[in-house]
Amino acid sequence: MGYRKPIVILYGSETGNSEDYAYCLSRKLRYERYSLTVCSLDEFDLKELLDINCLIIICSTAGQGEIPRNGRKFWKFMLKKRLPSDLFSHLRISSFGLGDSSYPKYNSAVRKIHARFLQLGAKEFCMRGEGNEQAPEGVEPFYIAWEETVVSSLKAQFPLSTNLLPVPETELLEPATVLKPLTQNKALDTEKSSKMDAIERHMDHHSQMVTKFMVLENKRLTTEDHFQDVRLLKLKSVDCMLSYEPGDLLALYPANDLKDVNALIELQGWTNIADFPLQIDGPFRAPGGLIQNLTLKSFIMHHLDIMSIPRRSFFSLAWHFASDQMEQDKLREFSKLNGSEQLYDYANRPRRSILEVLQEFSSLKIPLNYLPELIPQLKPRLFSISSKPDKSIIELTIAIVEYRTIIRRLRRGVCTRWVKTLNSGDLIISSVIKNQMAHNLMNDRPIVMIGPGTGIAPIKSVIEESIVRAPSRSLCLFPGHRYSNKDYLYGPIWSQLEREKKLLVFPSFSREGSGYVQDTLYKNKNLINRLIVLENGSILLCGSSGKMPTQVRLTLEAIFAEMNHWTEDEAHRYLIALEDKGNYVQETW
C-alpha cells in the first residue's frame, strides 16, 4: 500500500526565513507525492502529535537562545514534567536550525526542541541539520545538503506505493492560491488611496496584532556630510495604550516603492487589471493582515517582497514560466542543487532583486495564481525601541540602508527607503513585539553597556529607564562611532547625563584614532573588572553581528583573565556562567 499519513512540517520563525524554508521543503516533497501539513509550531493541534508518524521541524533562534514567538506555546507544552518518556515512541523526526554563529547560543532553539523530542521517545529518521548565516553563502548550502538527506531518508523509511512515481520536475504543481481581479467591478484609484488603505487591515487569528501610530518626528541624527543617514523616528499611538519594556521591539510594515511596483506590473502585462478589486482564495496569510480595498497593485506594493534576493526556490518555479529556451535553461540551472555557486555569483553577490531578474529574463511571464508562491511575502522589519517605556510614545533609531553593489548598482533597503518618506502627521501601523533581552538587566546592580553604531538604540532605553527605576545604579556606557562630530548618536544626551553624574561614558571614534569599542574596553580594564566581577554587575552588548561580538567577547575574557590571574579557560567559563545567569546579554543583528 505504501505510506499514506501526512508528513508534518512545523516552523518556528521570527522574520519568516524558517517559514520560507518549510514551504520550500514542502514543495520538494509534493513532487515526491507525499501528503503534507505545514504550519507554525503554535498553530499545530498538539493532540495530533499522537496520530502522526513523521515530523520535521525547521526553526530559527530568537534573542538569547529562545524559541521564536510563534513556537512558545508549543515549547511550554513540551516542557511539562508529567509527560511520559515514551510519549513519542511512535514518532520519527528530523529538524533544521537557522542560526548565526556570532551569537553565543548558536542554533540553541532547534537543539533544545530536537533533544526534548528524543527525551520523550522519538527517534531520528534523519540527522538534525544546522545552517549558519555567517557562512560566506549563508544558510542555503547547509539547507541543501540537509534537504537531500531528508528526501532520501523518507524514501527509504516511509516509501510510497511502488507504482506511484514522483511528479516529473518538468510539470507544474497546482497553485495553492487563486487571485481573481474582479474586472466586473469599478476600478479603484490605488495610488491615491493605498496609503490610507494600508493602515486598515483584515485581521484573522493568525495575524500579528497591530497598532495605529502617528509620525511625530522623522529627523536625521547624523550630519549631512556623513555617508550614513541615521534617523530618529518618533511615533505616537493613536488607538490604544502601549505596554513595553527596555529591549522590546517594534515591527514596521513597509511598502514597496510605487515606481518598482508599476515597473513589475507593466513588465508582466497586468496594467489593465492592476486597479480592480482583488479576491484571494487560498491559504495566503499576511503578517498584520491584508490591507483593505485590495487590488493587484496594492497587493504587490504591501504584501510581496519584489526587491528581495531570489532564492533557489524562486528559480525552481520561475523557469517553468520562461518561453525562451535559453532563458529557461539558465533559470533552471540556478534551481539545481549543484548550482549554488552560479546562483550565489548571479543573485547573492551582486544583491540582485527579484524585479531585476524579471527585467533581465524578459520572456518570464508569471501566471497570476503563482505570484504568491513565486515571490515571498513582504515581512515586517523589527527595530529595537530606543525610548524608555511610555503609554503612547515610541522612538526608533534607524540606519537608512543605501549602498552600491559590486556591479555599481544602487541598492536601497525596502523598509528604510519607506521610512525616509514618512512625514510628520502620517499614519502607519506597527506591532510591539515582546523581547526577553533585558529582562534580567533591569535591577540596581552595575551594568556595562557596549553599543557600536545603532547598537545604541536598545541601550538608550535601558539607560533612561534605569535612571527612573534605580537612580543610584552604576551605569557605564561604551558607544562606538566613526567621528565625534558626525555620527555620535545621542552624544549630547550622554554628555548631559555624565555631567549630572548619572552615567559614565567612554566613547570610541575609530576615524579619530581612539580605536574601536574593544580597545576602549581594555583601556578601562580595572573599571570593567570591578563592576562585573567584584560588584556582580551585568554586560549588555548590542550592534551588528559578524566580527564585532566575537572581538568584544575575546577582549572581556582577556580582561577577566589578566585582572583575576585566571587561565583563558577559566575566563571563558566565567563569561558562559554570566550568560547562563542572564548577566551577559548579546543582541546583535
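Using the three backbone atoms N, Cα and C, a Cβ is placed for every residue, glycine included.
Positions annotated as domain 'Flavodoxin-like' by TrEMBL: 7-151. According to TrEMBL, the FMN binding site annotation covers 13-18, 60-63, 98-107, E133. Under the heading domain 'FAD-binding FR-type', TrEMBL lists 208-459. Annotation source TrEMBL lists FAD binding site at R351, R381, L382, F383, S384, G413, V414, C415, T416, W589. Annotated NADP(+) binding site per TrEMBL: T454, S510, R511, S514, G515, Y516, V517, Q518, in sequence order.
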Residue distribution over DSSP helix, strand and coil in the domain 'Flavodoxin-like' (7-151): 54 helix, 34 strand, 57 coil
In the chain carrying S60 (FMN binding site), residues 6 or more apart in sequence that have Cβ under 8 angstroms from it: G12, S13, E14, T15, N17, S18, P68, G97, L98, G99, A109
Cα-nearest neighbour of Y516 (NADP(+) binding site) within the listed binding-site residues, Y103, R351, T416: Y103
Cβ packing number for T416 (FAD binding site), 10 Å threshold: 20
Nearest-integer angstrom distance between the alpha carbons (Cα) of G16 (FMN binding site) and L382 (FAD binding site): 12
Among L382, V414, V517, which are binding-site residues, the residue with the most C-beta atoms within 10 angstroms of its C-beta: V517
Site diameter for FAD, Å, by largest Cα distance between R351, R381, L382, F383, S384, G413, V414, C415, T416, W589: 25
Lowest local Cβ density among R351, R511, which the record lists as binding-site residues, within 10 Å: R511
Binding-site residues compared (Y103, Y106, Y516) - highest count of Cβ atoms within 10 Å: Y103
Mean of the pLDDT scores, which run from 0 to 100, over the domain 'Flavodoxin-like' (7-151): 92
Neighbouring C-beta atoms (10 Å sphere around the C-beta of Q518 (NADP(+) binding site)): 23
Shortest C-alpha distance to Q518 (NADP(+) binding site) - which of the binding-site residues D100, R351, V414: D100
Span of the NADP(+) site, taken as the largest CA to CA distance across T454, S510, R511, S514, G515, Y516, V517, Q518 (Å, rounded to a whole number): 19
